[in-house]
Amino acid sequence: MGKNVVVLGTQWGDEGKGKIVDLLTEHAAAVVRYQGGHNAGHTLVINGEKTVLHLIPSGILREGVQCLIGNGVVVAPDALMREITKLEEKGVPVRERLRISPAAPLILSYHVALDQAREKARGEAKIGTTGRGIGPAYEDKVARRGLRVGDLFHRERFAAKLGELLDYHNFQLVNYYKEPAIDFQQTLDECMAYAEQLKPMMLDVTAELHNLRRAGKDIMFEGAQGSLLDIDHGTYPYVTSSNTTAGGISTGSGVGPMYLDYILGITKAYTTRVGSGPFPTELFDETGATLAKRGHEFGSTTGRARRCGWFDAVILRRAIDVNSISGICLTKLDVLDGLETINICVGYKNENGAVIDAPSDADSYIGLEPVYEEMPGWSESTLGVKTLEELPQAARDYIKRIEELVGAPIDIISTGPDRNETIVLRHPFA
């Protein structure tokens with residue numbers, strides 16, 4: 001009997017999901033992406049060699065693992081082909097193992113132009129998108145006017161829909177944002193060129209997942225971004241345009257929730273955020289700078305510096321509830337090495353002095369102060385440690401306290417960037 005295991009982020013993204021997916025796919029027959037697009041940036045380090053994936057599932061570096069892109073993912077053909085080419089240049093076979101749902105929405109040049117024009121127009125009030133067209137592509141999907149991967153293989157139908165879409169979007173670009181129009185013929189020609197390359201990789205991903213399930217194969221579901229960026233449950237409006245929480249798995253892959261056996265919540269040992277939006281535990285002092293430097297906290301997709309702060313048990317409790325988390329993977333524990341004291345946020349105090357839980361929108365965070373519990377740090381190095389017993393006592397106490405505060409077990413601890421620098425206490429596929 002196979003198991004279906006989910007790996008998703010519990011914070012604002014950048015928790016280290018790529019490494020853990022790569023580690024666990026040793027036991028998986030297939031890995032599927034079910035939401036987001038090439039705004040994701042999953043960094044894998046294998047034998048010291050770094051690989052960053054944006055759209056292709058992280059299982060691609062494991063020989064024989066099938067990689068699937070589900071209907072909930074927005075696909076930019078140009079970005080996908082660049083990523084495939086880079087991997088092939090490294091000797092990684094991709095086209096034989098990558099399959100893409102025909103129902104996945106396309107990101108095209110006008111989505112990128114709109115995304116960037118809107119952020120520019122917002123000025124200081126910008127959301128902090130990656131500018132890669134993710135939001136506008138999801139808008140077209142929900143408005144039922146979007147083009148999908150399967151449309152690429154019907155030229156006349158595709159051209160007719162594309163013409164209508166460009167009439168609609170170019171009007172905004174030219175008249176409202178004062179940006180140049182997107183050319184119809186150039187866009188059509190580019191898309192038809194990509195169609196020839198993508199056609200052999202197209203597959204009914206939902207049907208394939210159920211075939212694998214019925215055959216008793218282990219399947220990994222790879223989330224992108226983090227729970228606090230969910231369009232419904234995140235710090236709205238400073239969120240992404242997809243459901244990053246567990247509910248997005250079923251809608252984005254076609255595999256119902258009753259078939260999911262274990263949900264692993266990837267959680268950084270401190271907290272980071274890229275772009276705008278509330279961040280109660282953010283540090284503006286030397287400690288924050290130290291975390292950023294040691295943790296190499298720069299976005300793998302945008303290159304933007306990440307904001308850093310103390311561990312926030314409040315948002316993790318919310319993520320555990322929303323996702324029905326089975327177990328936690330605590331990453332980047334080694335970044336905390338050498339700190340004399342470490343703070344954990346255990347609640348938020350509002351203007352009336354009452355301690356409250358996580359709000360459901362960005363405005364409700366205004367005026368909140370984090371309530372901290374101070375713990376002793378440790379001077380010993382935890383980098384590369386592979387057993388719980390080898391960790392300093394203070395590090396073990398920190399892990400135990402997090403478990404107590406959030407009500408979920410820490411099943412995996414990451415002590416470095418390489419797939420081998422990991423402590424596995426309970427294996428999700430066991």
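Heads up, the Cβ atoms here are built off N, Cα and C, so glycines get one too.
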Query raised in the report: Of Arg82, Arg294, Arg304, Arg317, which one shares the IMP site with Asp14, Glu15, Gly16, Lys17, Asn39, Ala40, Gly41, His42, Thr130, Arg144, Gln225, Thr240 in Swiss-Prot?
Result: Arg304
Query raised in the report: Just the number: how many Å between the Cα atoms of Gln225 (IMP binding site) and Gly16 (GTP binding site)?
Result: 10
Query raised in the report: Rounded to a whole angstrom, what is the largest C-alpha distance between any two of the residues Asp14, Glu15, Gly16, Lys17, Asn39, Ala40, Gly41, His42, Thr130, Arg144, Gln225, Thr240, Arg304 that the record assigns to IMP?
Result: 34
Query - Nonlocal residues around Gly16 (GTP binding site), in sequence order (Cβ under 8 Å, 6 or more apart) - result: Thr43, Ile266, Lys268, Cys329, Thr331, Lys332, Ser414
**Report entry** Entries of Thr130, Arg304, Ala305, Arg306, Leu333 which, being binding-site residues, have CA atoms within 10 angstroms of His42 (active site, proton donor)
**Finding:** none
Report summary line: Rounded Cα distance in angstrom between Asp14 (Mg(2+) binding site) and Thr415 (GTP binding site) is 16
Report task. Let me know how many other Cβ atoms fall within 10 Å of the Cβ of Arg306 (substrate binding site). Result -> 20
